[in-house]
Structures are given as C-alpha cells and as structure tokens.
Amino acid sequence: MDAATSVTPGAVSHILANPSPGDAAEIPELVVQVVDLKSIGTGSRFSFMASDGKDKIRAMLPTQLAPEVHSGNLQNLGLIRILDYTCNALPPKNDKALIISKCEVASQALDAEIISEDKKQEGPAIVLKPKDEGVVLSKPANAPLVVLKPKQEVKSASQIVNEQRGNACSAAPAARLAMTRRVHPLISLNPYQGNWVIKVRVTNKGNLRTYKNARGEGCVFNVELTDEDGTQIQATMFNEAAKKFYPMFELGKVYFVSKGSLRIANKQFKTVQNDYEMTLNENAVVEEAEGETIIPQVQFNFVKIDQLGSYVNGRELIDIVGVVQSVSPTLSVRRKRDDETIPKRDIVVADDSGKTVSVSLWNDLATTTGQELMDMVDSSPIVAIKSLRVSDFQGVSLSTVGKSTLLVNPDLPEAQNLKSWYDSEGKGTSMAPIGADMGVARAGGLRSMYSDRVFLSHITSDPNMGQEKPVFFSLNAIISHIKPDQNMWYRACKTCNKKVTEAVEGGYWCEGCNKNDAECSLRYIMVIKVSDPTGEAWVSVFNEHAERIIGCSADELDRIRREEGDDSYILKLKEATWVPHLFRVSVAQHEYMNERRQRTTVRTEAPVDYAAESKYLLEEIAKLTAC
C-alpha cells in the first residue's frame, strides 16, 4: 500500500506507552485510520476507533475538526496525522481513551479498513534515536525502513528543569509551573482527566454575587478563560473559592490554572462555545504568567443593531459595537428582589446599519464608565460591549449583566471601520430606533404581526428550527383546542410573580423575596393547539396573553372550577376556541428527558384587525402579480 494512504505501524502501542508526551515536537509521525466515526451530543464532537492496522483505541476528535467532518473532508475510514494528544483512563474500568488536541487530515476515506497481514505478530518496536539521527520505526522484514526526522530541535520540559535546577528555587511560581508541568490546550480537557495545567487569559470577569436558597447563603462569581488557540471555557467559583480568587483574577491577564474539575455544561446557561464548564474550589492553583502576549484578548462576536430582533427575550447574550449618540444622567432604581438601590444609566448607540438602540448600564458600568462616556459624548466615542441581554422593552433594548464588559474606543478593526463610516457619512444620516420596527406599538399598532408572516407548516416541517438561537415569526391562526386537564397555572408570589411553595408552618414561601406570605396568586402557564390551512401545532402561552385568550384571570378560572363545577370550567375554555388571533411566536429547541424538542412560545397576541389584515393581503397579492 502507498505510504501516503497507510497508517503508522505500532502507532497505538506508542500512544499507550507514552500517554502524555512532554512536548508536541517530540511526537513521531503517527498516522491512524478513523474507524466507526460517531457523533457525540449536538454534533460538535466526534468519537471513533483509532486503528494502526493491528491495534485500536477509543479516540475523540477536537471540536475544530467538526467542520471537516460536516463538509465530508474527513470521513469514516479516512486517515489523520496526530500532532498532539493525551491518553486518559476512563472510569469505572480504567479503559484507555485517546484525547486528540491537534491533528490534520492525511487522507480521505479509503475503500476498506486497513488490517495488518498477521495480527498475531507482535507490534513493531519503536526505537527513539538521538535527535540528530531522527526517529526510526522498525517494521516487518518485508517492509522498507522508515526514518522520521523530528520537526525541530526543542528541549523537553525535563531537560529544561535539569539545566535550570540551580536557580529553579528562586524562580517565580508561575515559571516553575511552566517548566515542570505540561500545559494542556483547553480542547483536550474532559471530566475524566486528572492532573492538568492550562495557560489562559481572563477575557471576561463577572461580579461577585451573593445568593440565598434553602441550603443557606453564599457567594459566587465566574470568569471566561481563553487559551492561545482561541478556545474558551467558563470557570465558576463558590463561597471560599470565590472570595479567594475574585481579587486574584484580573481582566486581561494571563494565568496558569490547575487542580480544577470539569462537568458537562448546561446548554441553557453557557456563555461560551464549549461542551464543558470548569469549577475551581479553594484548593485550585492559580498563578499569574507575566509577560504573555500570545493568548488573544477579549473576543467579540458582534451583531448589527438591525439584526437584534431575532434575539429578543432569548437566553443568548450578544455583543455590539456602536457610536455613542447620547448619555443619560445616573438614576437610582430599587430592585424588587432585595429592595436594594442600584445605579442605572442609559446610553444610545448607533452603527452602520442605520439604526440606534438604547443600552442600560448597571452598577459600576453606570457610575464609572458611564460618567466617562458622558464627559466625552460630544466626540462620538466608539464602544464595544460584550454580553448584553436583549429585551422587548420599547420594542428592542439592551441591558448589561454582571459579566458584561465595555471598552471605550477599542483598538479593533470593527471599531476603526465604524469610526471611519461615521466621520464620512454616518454623522449626517438620519437614524431611527430599532424598536420602532419591532414589537406591538404602544399606540396600538400591529406592525410586528405582519412581519415574518408564515404558515404553521413552515415551523412544523423543520424539527431542527431554532437549534442555534430562537427564531421569530408571525401567525394568523385559530385556537382549535385547549386541554382542560392540563396544569393551567402555578402558584406565584404576589410581589415578584415567581413560583412559591407551601410552607410547613403555613402560608407560601417565596425564594426570590425570601419571605413567607399568607396568600399567593395563580398565573397561567398553559399550552394550546392552534390551526391554520396548512396544519396545527401546540404552543406555550403565559399569563398576560392567556388572560386575553381565556377572558379572565387564572384566579377567576380556578374559582369557576371550584364553585360552579367542571362543566362551567370546560365551557369557559370552549368559548375561547375557534377564535382567530394574530400571534408573534418564538421557536427554540429545549431538552426534556435527554431528548431535544422544538418549543413554540407566544410572545405577543392580538385579535385580528380585518381592515389591517385585508390591506396586508392586498400588498402580498401585489407583490405576486409584480413578479
């Protein structure tokens, strides 16, 4: 077989004998065949059996090779060249697993699996010669001898330690850690890995927050860490660890981190693209690495202001870059949760999409950075803001959260391009708020009900819709059925509307308000079936919209059921069916019992305005006849 389409004999034996190589440059040519390629989870990771023709080992591809698999460049029975790896023992049987951190495609899929002529024969021995003589892999007698030259002259970590043993004791802690421990890329980490050291930059730092729950009080904060490959992970610290590391972690600095633990990330709350999240307790080791410039700074994924509509009320946080148009004075807002007064300041920013949006700054961003922006607003500064929540207040608005980061006049290509645009033409352009084009207008307009209008079949025919982020549509549909035996409501706190539980001593306990009340209210949380000419679907409806659909509050419907009986209760629900409505809905994916499902949720509801509906239909007909 041609050497370009063959594996390295004894590759698996070499990996098992060297489970954690000291340096990637010391790894010889290791070409293996991908056998039994399988997707893990959502398709961002793939596992397979790495075969050298004689032996096999369970392996996992790095996430950066997922596009190669999706594009078909890397397929089952293809060959890859392993450039860096770690071999771990997986509980409970300590089976070996190969975690590949760097590799490249050596050949596309072959016709069949490579199998050695005599699998009973002992695997070929691997002899590591001195560096100037190269690496010699001895092969069977009927195969030519292959000599592999090392990629470069790089000293191993042990050689460095031996040469510098005389002054190692006086070296900085981070320097000692770098010399004595191999630095692992974030992509190679997994929950089953034991000892590891990572070198990362703090690209986002949240506030130190306090919390109260049934188990007591505590504090928590998190950081986003980025390594030199650009891979990110979120690390969370609680209580004593949070108090210890909060002053130690500084935004923008580089650290060596070890003795942490990993677990599967909660996809509903994760803020970075990583399948795992990290937890650091008080025994974790964090040491600053001074003078490091290779690891990238804060990474942004900017969204244009005119594209914010699809993110409204979603869980995903977004980044924007814009020109500051105005800055308001600082206001004091009383928070319902704990009755604490916190500072708030609103700024209006614009970008080259020709739209503006209001951004609410909270806490330190309002008092410090906000004051800085007020002092320089006349010069139209550029701001880059990371991790903003998108809400439907005033149509569309943005708000900072505890982990938000704001940079003024950042040295970024996007900021420089925006500044050039604004100075040349944007300053004289008339720009409208993005909220003017979104949502139900407070004056009673229904513009959003006629944007992105689709039939139900457009949603139900695509079960993967909303997988990356929620998508929004408008519907004209009839309510065809409301289940009378479903859980129509939940018990809610009269102050904050959060769910309450019955207290042992009587009354209802609210976790959010941290108090016990004698009474509670009922709030709708229900599903209804809607239909149109193309099909039907179940949609979720919450309190405000459900009250308009049913025609009464959840407390009143509960009273009808208790006092007037089930017949009156069912009749009340039937009165709400076979009535046409205009809906603005979001479509997203969620997990239930380890199964991904599509969920459609009503965001806005309104009765059909037949005059406006007729005008819309005439406009659509005109578009068709104009083609």
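Just so it is clear, glycine is given a Cβ too, placed from its N, Cα and C backbone atoms.
Feature annotations, reproduced from TrEMBL:
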- 7-106: domain 'Replication factor-A protein 1 N-terminal' (DOMAIN)
- 184-288: domain 'Replication protein A 70 kDa DNA-binding subunit B/D first OB fold' (DOMAIN)
- 313-409: domain 'Replication protein A OB' (DOMAIN)
- 472-617: domain 'Replication factor A C-terminal' (DOMAIN)
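Each residue in the domain 'Replication protein A OB' (313-409) has a pLDDT score, and their mean in this model is 87. Broken down with DSSP, the domain 'Replication protein A 70 kDa DNA-binding subunit B/D first OB fold' (184-288) shows 10 helix, 49 strand, 46 coil. According to DSSP, the domain 'Replication factor-A protein 1 N-terminal' (7-106) comprises 19 helix, 46 strand, 35 coil. Per DSSP, the domain 'Replication factor A C-terminal' (472-617) is made up of 37 helix, 71 strand, 38 coil.
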